[in-house]
Amino acid sequence: MVVGTSCQPQHGLYLLLLLLALPLRSQANAGCYGIPGMPGLPGTPGKDGHDGLQGPKGEPGIPAIPGTQGPKGQKGEPGMPGHRGKNGPMGTSGSPGDPGPRGPPGEPGEEGRYKQKHQSVFTVTRQTAQYPAANGLVKFNSAITNPQGDYNTNTGKFTCKVPGLYYFVHHTSQTANLCVQLLLNNAKVTSFCDHMSNSKQVSSGGVLLRLQRGDEVWLAVNDYNGMVGTEGSDSVFSGFLLFPD
């Protein structure tokens with residue numbers, strides 16, 4: 001068998017066969033070396049592989065160095081007014097303030113329910129330097145006020161016209177011993193005596209009496225009768241109705 005002529009086919013045909021049937025190279029005659037083939041075409045990219053396992057935790061980083069504070073910024077524009085908040089709890093009472101100025105007079109009030117329709121009042125004086133008669137009635141001969149005429153300066157007696165509670169009082173000047181008695185319908189109610197220790201003295205006394213219509217009240221003296229009524233040494237007898245029945 002002549003190898004030199006049978007192992008040299010045409011180059012074009014051999015190249016085609018080599019590309020189509022590369023495995024057949026192993027079946028070629030061991031004594032015959034073929035021409036190296038052309039590089040193949042690039043294959044398509046493969047798929048992404050699976051994620052790898054989580055790696056170990058790294059070492060702590062180097063602490064950062066704080067930076068320097070920047071310059072202060074400019075003041076911003078005022079914001080919109082906020083909504084009104086809820087009322088807070090009531091605070092403690094403050095201290096009283098100073099009194100305010102006096103206000104104008106108010107309107108007249110309504111008439112009260114109680115109105116005293118009946119009145120009785122008098123004040124009379126005894127204007128004389130002569131002593132009254134011993135053991136007798138004392139007349140007060142000058143009226144300061146006696147609008148109802150309930151005290152009679154001629155008789156020296158007060159006559160009750162309006163039943164009720166009355167108050168009687170006397171202030172008498174004296175230049176000698178004096179005992180002043182208040183009588184109600186000839187019955188002695190009070191007696192005030194004063195013994196002289198100076199040239200002139202004053203004696204006083206008062207009493208509340210409930211009177212009925214027609215009752216009479218007057219003043220009298222006993223044998224101590226040093227009552228006077230002069231300028232600077234007045235003797236006064238007064239009475240008035242407190243509460244009518």
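Cβ coordinates come from backbone N, Cα and C, glycine included.
Taken from Swiss-Prot, the feature signal peptide covers 1-28, and the record attributes it to experimental evidence. What Swiss-Prot lists as domain 'Collagen-like' is 31-112. Residues or ranges marked as 4-hydroxyproline in Swiss-Prot: Pro36, Pro39, Pro42, Pro45, Pro63, Pro81, Pro96, Pro99, Pro105. The region 'Disordered' feature in Swiss-Prot is assigned to 42-119. According to Swiss-Prot, the feature O-linked glycosylation site maps to Lys75, an assignment based on similarity to another entry. Per Swiss-Prot, compositional bias 'Pro residues' is recorded for 98-107. Summarising the annotation, Swiss-Prot assigns domain 'C1q' to 115-245 and lists sequence analysis as the type of evidence.
Counting every protein chain shown, 6 other Cβ atoms lie within 10 Å of the Cβ of Pro42 (4-hydroxyproline). Sorting each residue of the region 'Disordered' (42-119) by its DSSP state yields 0 helix, 0 strand, 78 coil. Pro81 (4-hydroxyproline): 6 other CB atoms within 10 A of its CB, across all protein chains. Pro63 (4-hydroxyproline) sits 85 Å from Pro105 (4-hydroxyproline), taking the CA atoms of both as reference points. For Pro36 (4-hydroxyproline), the count of additional Cβ atoms within 10 Å of its Cβ stands at 7 [all protein chains shown].
According to DSSP, Pro36 (4-hydroxyproline) sits in a coil region rather than a helix or strand. In this structure the C-alpha atoms belonging to Pro105 (4-hydroxyproline) and Pro39 (4-hydroxyproline) are separated by 128 Å.
The domain 'C1q' (115-245) scores a mean pLDDT of 91 in the predicted structure. Separation of the C-alpha atoms of Pro99 (4-hydroxyproline) and Pro39 (4-hydroxyproline): 118 Å, rounded to the nearest whole number.
The shortest Cα-Cα distance from the residue listed as 'O-linked glycosylation site' to any of the modified residues (Pro36, Pro39, Pro42, Pro81, Pro96) is found for Pro81.
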